[in-house]
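Below is one structure; the comments refer to it alone.
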């Protein structure tokens, strides 16, 4: 506590980070802090003091492939001073350090290698994880979806038709991605692996479709080429996708009955019903006769119904009634049209005959009596 000039008491500030002293390389622009330097064996000439080992199980269907590819794995690990063992009885793979091991982190890389091999990653691809620049991430997707059918659909959505969606993600992120069973194995650098995990989890939880993530990654890739936008926000360029809520059929809730403190009345038993109808007091002979009568009635009803069904196949279908298109008015119109056409044809014929008449021939014909008329006169 300190007293100020006005006499007020001010709380003493805690000296946060008092042990943090400035280093000469803090403000050095030539140092790239994201660069992963390759391990030099001279940094650890004494080797490892204790033996560190990791083991993992593998499924039975991977046994044959691992037997064939194990010499390649063994020779790759031998260069780093790591011993490995394949136990086919227990179905496990084990890696451990030796006296020749210099890099203390290489055993963790070897652990990632056997994990990838157990998740069906090919051996030549899995060996690349031993490089310092390469990392891996195994994403469990089985616990993200409970329903099995929904899980299979969303996993297929992540793969796409003919694995086209998966190939697009591999190209844009620069990672190797393999979907096997209930896990997704990814290999790459730190930042792309983070993107892959986000895409996989969003797809399996139905937050966003992988196609939308692909569109966003393509836009980001184009924006990275422009140096003027390096220190600006890219939110205005990135596409925004809204989730459509599909109206689902709501389950009809049962109507709540009014609360009564008394329990519902008990249902009458078979004997109670027989006592009410009087059937309980009948003889066995009468009861059997009644049952037989009921059986006969049911049988007759059934036979009649079957007969109706058989006869229904022989009933001809109703033919559609042909509508009479010709009406009385239409007939009258046609008759009137025919008469007018005949009149016009006669008038046209008269006009043609008047125009083609020769005067001399007409006079000569009029002077000579026709033969038909003369014959009639003589007769």
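Even glycines carry a Cβ here, placed using N, Cα and C.
Annotation source TrEMBL lists region 'Disordered' at 1-32 (among others).
For 23-32 (among others), the entry in TrEMBL reads compositional bias 'Basic and acidic residues'.
Annotation source TrEMBL lists domain 'KRR1 small subunit processome component first KH' at 53-132.
The annotation domain 'KRR1 small subunit processome component second KH' is assigned in TrEMBL to 134-225. Here the domain 'KRR1 small subunit processome component second KH' (134-225) is broken down by DSSP into helix, strand and coil counts: 58 helix, 17 strand, 17 coil.
Residues or ranges marked as compositional bias 'Basic residues' by TrEMBL: 245-255.
The region 'Disordered' annotation in TrEMBL covers 245-270 (among others).
For the compositional bias 'Basic and acidic residues' (293-312), no residue of the chain approaches it from at least six positions outside its boundaries, judged by C-beta separation under 8 angstroms. Taken from TrEMBL, the feature compositional bias 'Basic and acidic residues' covers 293-312 (among others).
Residues annotated as region 'Disordered' in TrEMBL: 293-333 (among others).
The feature region 'Disordered' is assigned by TrEMBL to 346-379 (among others).
Among residues of the same chain six or more beyond the compositional bias 'Basic and acidic residues' (23-32), none has a C-beta under 8 A of the stretch's C-beta atoms. For the domain 'KRR1 small subunit processome component first KH' (53-132), the predicted model reports an average pLDDT of 94.
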